[in-house]
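Engineer: I'd like to ask you about the structure that follows.
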Amino acid sequence: MLPRWELALYLLASLGFHFYSFYEVYKVSREHEEELDQEFELETDTLFGGLKKDATDFEWSFWMEWGKQWLVWLLLGHMVVSQMATLLARKHRPWILMLYGMWACWCVLGTPGVAMVLLHTTISFCVAQFRSQLLTWLCSLLLLSTLRLQGVEEVKRRWYKTENEYYLLQFTLTVRCLYYTSFSLELCWQQLPAASTSYSFPWMLAYVFYYPVLHNGPILSFSEFIKQMQQQEHDSLKASLCVLALGLGRLLCWWWLAELMAHLMYMHAIYSSIPLLETVSCWTLGGLALAQVLFFYVKYLVLFGVPALLMRLDGLTPPALPRCVSTMFSFTGMWRYFDVGLHNFLIRYVYIPVGGSQHGLLGTLFSTAMTFAFVSYWHGGYDYLWCWAALNWLGVTVENGVRRLVETPCIQDSLARYFSPQARRRFHAALASCSTSMLILSNLVFLGGNEVGKTYWNRIFIQGWPWVTLSVLGFLYCYSHVGIAWAQTYATD
């Protein structure tokens, strides 16, 4: 354990780096406001005294627009129906929620949308009757691939008046793919003849059409869903109201923070302008990177926080919300603690069935590669996603290799003999700073594309060598100390 004064120094330095770099982004946003407004049409509203808003983050704008139109009211309807069903018809609550989910899906996606979800679900259920994991996965991948066929896309576009409706269908089918895959694989693992009626088609529909997670997740495995949905214990009305009030308070704070960032820092518009990105100062470049990943974090606190709140009111335990990215210091931690539901899905249904760590080094490398290949394809399979997946695979592989090396008895004895616990902690943070730099780079590729990643690589690691590179690693060294201390506290709690 490091001295308190040293940890406090690292924390203050980290906060100082954050705020100063954000200030640099704010200045650049103001200086180039007219230029960015002409190119990207910044929005004007009265939320923050008339400040213009960067609305170029498609995902945030998309879900906020749908939320105002339909989703907030449909989610409120789910909450009311669920509470009424719990009070009046508890035994039939899963089927009532299933019917409500179908109706809500019909409200926003129409008959063709509901039919597509039903079609994919039915095909997956029929294939699962063969009790073959291989056939189930081939079926799921085939259904997923149909979402990217140009001819199929054109047909689906003709069903709707706006692009937003088409994209909502695409997002819904993409997330539903993980849900019907989870059910089908769980069915494959049941011994014949299946004694439980939990793996019937009605339960599959109740799982797939559970509305809070229908369009965007988070991911909850069927085994967890069925176990929790069948339990009879539920919170009292008073406890539910407390959960609702606290949850809404947190959601409003997260939403306000995300909107404030979009009004003060035009990071998404600047990322879309590569010539401008190549000319800003290194401080601004660092602030843009921090602002981008932190906005992504706050955005998913909202997007996952809303369904998580409704799941708690329904008596379900949702996956944990993302942990703050400023406390992440490894690829492994990022995957484990950001999208917990997706991580659990990948481990349970991809990594372990392929072989996991039970087949030696090559088996581990292959299982990890297959996991990242699937998650890249599931996200869309674009070039920048394969690059992002490769960087993550390499990062996780190197981290696990270093961890195994350090855990060997010979290295352990040498470290214990020649280095104090404080020195070992500092050495850990130094290694973590290198990993964190690559983690941020991979996240920027995911959020901004290959061109943004290349710009950062050239400016920080090629043109900026040695002083800019070493300065960045020094800043990340402070971040890593904070992250390591946070991780230890998190593990203790």
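The backbone N, Cα and C atoms fix where each Cβ goes, glycine too.
Since we're looking at a predicted model, the values are computed, not measured.
When I checked Swiss-Prot for this same protein, it listed these features:
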type: TOPO_DOM; residues: 23-67; note: topological domain 'Lumenal'
type: INTRAMEM; residues: 95-119; note: intramembrane segment
type: TOPO_DOM; residues: 149-162; note: topological domain 'Lumenal'
type: LIPID; residues: C188; note: S-palmitoyl cysteine
type: INTRAMEM; residues: 203-217; note: intramembrane segment
type: LIPID; residues: C242; note: S-palmitoyl cysteine
type: TOPO_DOM; residues: 272-281; note: topological domain 'Lumenal'
type: LIPID; residues: C324; note: S-palmitoyl cysteine
type: ACT_SITE; residues: H379; note: active site
type: LIPID; residues: C410; note: S-palmitoyl cysteine
type: BINDING; residues: G448, G449, N450, E451, V452, G453, K454, T455; note: GTP binding site
type: TOPO_DOM; residues: 449-462; note: topological domain 'Lumenal'
Engineer: Determine how many residues of the topological domain 'Lumenal' (23-67) DSSP places in helix, in strand and in coil.
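Structural biologist: Its residues divide into 27 helix, 4 strand, 14 coil.
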Engineer: Out of C188, C242, C324, H379, C410, point to the one nearest G449 (GTP binding site) in space (Cα versus Cα); all of them are recorded positions in the record.
Structural biologist: H379
Engineer: In angstrom units, rounded to an integer, how far apart are the Cα atoms of C242 (S-palmitoyl cysteine) and V452 (GTP binding site)?
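Structural biologist: So the alpha carbons of C242 (S-palmitoyl cysteine) and V452 (GTP binding site) sit roughly 44 Å from each other.
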Engineer: Can you tell me the three-state DSSP label for C324 (S-palmitoyl cysteine)?
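Structural biologist: It is coil.
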Engineer: May I ask for the distance between H379 (active site) and T455 (GTP binding site), taken between their Cα atoms and rounded to an integer number of Å?
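Structural biologist: Cα-Cα distance, H379 (active site) to T455 (GTP binding site): 23 Å.
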Engineer: Quick one: average pLDDT across the topological domain 'Lumenal' (449-462), no decimals.
Structural biologist: 96
Engineer: Of C188, C324, C410, which recorded sites come within 10 Å of G453 (GTP binding site), going by C-alpha to C-alpha distance?
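Structural biologist: Those near G453 (GTP binding site) - Cα within 10 Å - do not exist; the answer is none.
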Engineer: Once G448, G449, N450, E451, V452, G453, K454, T455 are set aside, which residues in the chain still have Cβ within 8 Å of the Cβ centroid of the GTP site?
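Structural biologist: Other same-chain residues near the GTP site: I274, Y384, L444, V445, Y456.
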Engineer: Nearest of the recorded sites to E451 (GTP binding site) by CA-CA distance, picking from C188, C324, C410?
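Structural biologist: Given the candidates C188, C324, C410, the nearest one is C324.
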Engineer: Find the shortest Cα-Cα separation between N450 (GTP binding site) and the recorded sites C188, C324, C410, and name the residue that gives it.
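Structural biologist: Going through C188, C324, C410 one by one, the Cα closest to that of N450 (GTP binding site) is C324.
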Engineer: Looking at the recorded positions C188, C324, C410, V452, which sits with the largest number of other Cβ atoms within 10 Å of its Cβ?
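Structural biologist: Answer by Cβ density within 10 Å: V452.
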Engineer: Where does G449 (GTP binding site) sit by DSSP, helix, strand or coil?
Structural biologist: coil
Engineer: Would you kindly give the Cα-Cα distance separating C324 (S-palmitoyl cysteine) and G448 (GTP binding site), rounded to the nearest Å?
Structural biologist: 20
